[in-house]
Amino acid sequence: MKIGVLGLQGAVREHVRAIEACGAEAVIVKKSEQLEGLDGLVLPGGESTTXRRLIDRYGLXEPLKQFAAAGKPXFGTCAGLILLAKRIVGYDEPHLGLXDITVERNSFGRQRESFEAELSIKGVGDGFVGVFIRAPHIVEAGDGVDVLATYNDRIVAARQGQFLGCSFHPELTDDHRLXQYFLNXVKEAKXASSLK
């Protein structure tokens, strides 16, 4: 199984390490042709407007949308969650606009720039330490969206079919259960596409 990590900014190496720890091959993606042959893609954290500028500069917006349209799974963490969202509070336009969620940027407030919180994640388990760094949260989830985790009544992880997103940085701990959950989804999508 081959998983891409969008390598424009953010904790790219940490995601590669997590994917490899789960037994899959990781490929750092900086050009659209590198999307070919991938089974899934991780959109790492960082700063969402910077990532969007780089996506535009490298001509990746359409290829990323086509990758998703082909039924390939995508996992957005922190700023990557913002890239996935169809709606962003305070912005007219989404970035990739793939998942039926509304996201608010830096929504835990400046004084809580970074913190850790123990989460219970549906399908993953309890005692998962979420590392939040200038984190967004999901303000609203559409009907087809499965809420996987909340923190202080805010949605911090959700899944809609092939799209998985979380507010925190799962790659910054040695708990790879969420990466494994994503890889399981990739495996399911791969089996489904081979049956078509």
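From the backbone N, Cα and C atoms, a Cβ is placed for every residue, glycine too.
Straight from Swiss-Prot, the features:
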BINDING   G46, E47, S48, R105, I133, R134  L-glutamine binding site
ACT_SITE  C78  active site, nucleophile
ACT_SITE  H169  active site, charge relay system
ACT_SITE  E171  active site, charge relay system
Lowest local Cβ density (other Cβ within 10 Å) among recorded positions: E47, E171: E47
Site extent for L-glutamine (largest Cα pair distance over G46, E47, S48, R105, I133, R134, Å): 13
Residue pair G46 (L-glutamine binding site), C78 (active site, nucleophile) - Cα distance, angstrom, rounded: 7
Spatial neighbours of I133 (L-glutamine binding site) among the active-site residues C78, H169, E171 [C-alpha, 10 Å]: C78, H169
All-chain count of other Cβ atoms within 10 Å of S48 (L-glutamine binding site): 26
Mapped DSSP class for I133 (L-glutamine binding site), helix or strand or coil: strand
Separation of alpha carbons, E171 (active site, charge relay system) and R105 (L-glutamine binding site) (Å): 20
Residue with minimal Cβ packing [other Cβ atoms within 10 Å] among the recorded positions C78, I133: I133
Reduced DSSP assignment, R105 (L-glutamine binding site): coil
Alpha-carbon distance [H169 (active site, charge relay system); C78 (active site, nucleophile)] in Å: 6
Site with most surrounding Cβ atoms, counting all protein chains shown within 10 Å, from the recorded positions R134, H169: H169
Neighbours of G46, E47, S48, R105, I133, R134 excl. site residues, C-beta within 8 Å of centre, L-glutamine: G45, C78, A79, I82, N106, A135, P136
Between H169 (active site, charge relay system) and R134 (L-glutamine binding site), the C-alpha gap once rounded to whole angstrom: 11
